[in-house]
Amino acid sequence: MQINEHGHVIDIPEVVTREHQLEYHHRPKGIGDHIAHGLVKFAAFFADAFFANRYGHRAVVLETVAAVPGMVGGMMQHFRSLRHLEQDRGWIHVLLSEAENERMHLMVFTRIARPTMFERLIIVAAQMVFGLSYFLIYVLSTRTAHRLAGYLEEEAIESYTSYLKGVAAGTHKNVPAPDFAIHYWSLSPDARLYDVIVATRQDEMMHRDINHGLADKLRQHQ
């Protein structure tokens, strides 16, 4: 256990600071893991059918959903800390930072792929349905909720990898990176879409490892 500069107890996986590997899949263990994995694969099937290779538009919708787990998790850990009158183990900051990072991804990709009116309706519906569903899952099984978030990030990584291949092959134009993205990731002034996707995917790899790590830690304490 460690204490950070604000006096908060740190009890989060070491995956926060380690180097994150591109190729990683957590094999489901137990009913909760299988449920989480199945739900993500079920949603991914419909996303694949609707968006096909329109990865820019897929990223916009994906990031609106991906920003939910961190916010819900951070809020629930905040309330838990208040109820139990104890330190948050560093979870609140990590989870809220994840939510903010995913929101910034959304802001970046809305400048690259303008969502249609129908896609905006999908965003509203998906946010409402997934937000409520994830909240209920978090209440019933925090470990399953973090595992689901980890699997969601695995799908995001696969999607961004396919997007990169499309850009490299010329299927998608390698347009200049938005100034907003260059500033956020401290990219070079001549950065392109390819660089933005690489930076985004790196973030998703970290979120994947953190959520799987938190789920593993909760499993150990059961």
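Note: Cβ is positioned from N, Cα and C throughout, glycine not excepted.
Note: TrEMBL annotation is automatic and uncurated.
What TrEMBL says about this one:
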{"type": "BINDING", "residues": "GLU63, GLU102, HIS105, GLU204", "note": "Fe cation 1 binding site"}
{"type": "BINDING", "residues": "GLU102, GLU153, GLU204, HIS207", "note": "Fe cation 2 binding site"}
{"type": "TRANSMEM", "residues": "121-140", "note": "transmembrane segment"}
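Within 10 Å of the C-beta atom of HIS207 (Fe cation 2 binding site) sit 26 other C-beta atoms, taking all shown protein chains into account. The 10 Å shell around the Cβ of GLU204 (Fe cation 1 binding site) contains 25 further Cβ atoms across the protein chains shown.
In this structure, HIS207 (Fe cation 2 binding site) is part of a helix by DSSP. Mapped onto three states, the DSSP output places GLU63 (Fe cation 1 binding site) in helix. When secondary structure is read from DSSP and collapsed to three states, HIS105 (Fe cation 1 binding site) falls in the helix class. Other than GLU102, GLU153, GLU204, HIS207, the residues of this chain whose Cβ falls within 8 Å of the Cβ centroid of the Fe cation 2 site are, in sequence order, ALA66, GLU98, ASN101, ALA149, LEU152, ALA156, ASP203, MET205, MET206, ARG208. Residues GLU63, GLU102, HIS105, GLU204 make up the record's Fe cation 1 site, and a Cβ search at 8 Å around their centroid adds ALA59, LEU62, ALA66, ALA67, ASN101, ARG103, MET104, LEU106, ALA156, THR200, ASP203, HIS207 from the same chain.
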